[in-house]
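> According to Swiss-Prot, the protein carries these features:
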type	residues	note
COILED	206-235	coiled coil
DISULFID	Cys38-Cys97	disulfide bond
DISULFID	Cys65-Cys71	disulfide bond
DISULFID	Cys96-Cys110	disulfide bond
DISULFID	Cys114-Cys124	disulfide bond
DISULFID	Cys118-Cys130	disulfide bond
DISULFID	Cys132-Cys141	disulfide bond
DISULFID	Cys148-Cys159	disulfide bond
DISULFID	Cys155-Cys168	disulfide bond
DISULFID	Cys170-Cys183	disulfide bond
DOMAIN	34-112	domain 'EMI'
DOMAIN	111-142	domain 'EGF-like 1'
DOMAIN	144-184	domain 'EGF-like 2'
SIGNAL	1-28	signal peptide
Amino acid sequence: MGLWAELCISLRGLSFFLVLMTGEGTRGGSFKESLGVCSKQTLLVPLRYNESYSQPVYKPYLTLCAGRRICSTYRTTYRVAWREVRREVPQTHVVCCQGWKKPHPGALTCDAICSKPCLNGGVCTGPDRCECAPGWGGKHCHVDVDECRASLTLCSHGCLNTLGSFLCSCPHPLVLGLDGRTCAGGPPESPTSASILSVAVREADSEEERALRWEVAELRGRLEKLEQWATQAGAWVRAVLPMPPEELRPEQVAELWGRGDRIESLSDQVLLLEERLGACACEDNSLGPSLRG
């Protein structure tokens, strides 16, 4: 076997020896317990490898000594030689608990197994257990947490929930502070701009109120017609019910239920619009034109 082949074999054996001595996944050869490790075994593994060393070589030669005599002596030189080394080295082997696995076969740690991945930055910290990032919840970190409904007040005024977070808002003329949560006074406005804004707001409120009143009136008219029909239908039902139920035609039953659903829906719409109208207030706390007198 040539010198180059012996060198390759020795380097492979030495690298394997160093891996076993340092320990896979550890530093300084020390083993650190981790979560999910059920058992640990340290075995002595026989290892055979080649190592290099300096071999002395003695070369004799003749020289001239004192008295003109010829003397025999030698000089020492060194060359790189190889020798086979056998020794037993400790090797640690771990067994993972149920619900845990090794990241690779030679690892000394175990990672948790989650049947479904942890979403939105979540981390699998135990068997089918996710540790979610702030703003997310649920078993797999797939549910957005509504911070605005939390018991802890996050915003001094308005709060808008977003995916994984929230935003704070401020009413006019306040502005959001540097902390992004509290409101502070904004820059002073000129009287002209303030008066223009006030007029625009009053005009917008007036137009919205007229539109709401027209919509309420229209819905009330439709509701009155349906109530009249319901009265007539009630009399028809009372006249029909004494007959056996199997004699009722399916289209009559379907029409009766459909009209009833429309009446209920219109009643809800009218109630909602009346509540919105009741929330309107004049600037000087006076009654509107329709409520005076």
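Along the chain as shown, residues are numbered 1 onward.
Just so it is clear, glycine is given a Cβ too, placed from its N, Cα and C backbone atoms.
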> With DSSP as the reference, give the number of residues of the domain 'EGF-like 1' (111-142) in helix, strand and coil.
0 helix, 11 strand, 21 coil
> Among the disulfide-bonded residues Cys38, Cys71, Cys114, Cys118, Cys124, point out the residue whose Cβ has the most other Cβ atoms within 10 Å, with all shown protein chains included in the count.
Cys118
> Can you tell which of the disulfide-bonded residues Cys38, Cys110, Cys132, Cys168, Cys170 lies nearest to Cys148 (disulfide bond) in space, using Cα positions?
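Nearest by Cα distance to Cys148 (disulfide bond): Cys168.
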> Between 0 and 100, where does the mean pLDDT of the domain 'EMI' (34-112) sit?
89
> Cα within 10 Å of Cys38 (disulfide bond) is the criterion; apply it to the disulfide-bonded residues Cys96, Cys130, Cys170 and give the hits in sequence order.
Cys96
> Name the one residue among Cys71, Cys118, Cys124 whose Cα is closest in three-dimensional space to that of Cys96 (disulfide bond); these are the disulfide-bonded residues.
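So, spelling it out, the nearest of the disulfide-bonded residues is Cys124.
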> List, in sequence order, those disulfide-bonded residues among Cys71, Cys110, Cys170 whose Cα sits within 10 Å of the Cα of Cys141 (disulfide bond).
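Close disulfide-bonded residues: none.
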> DSSP on the domain 'EGF-like 2' (144-184): how many residues come out helix, how many strand, how many coil?
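Once the DSSP states are binned, the domain 'EGF-like 2' (144-184) shows 3 helix, 16 strand, 22 coil.
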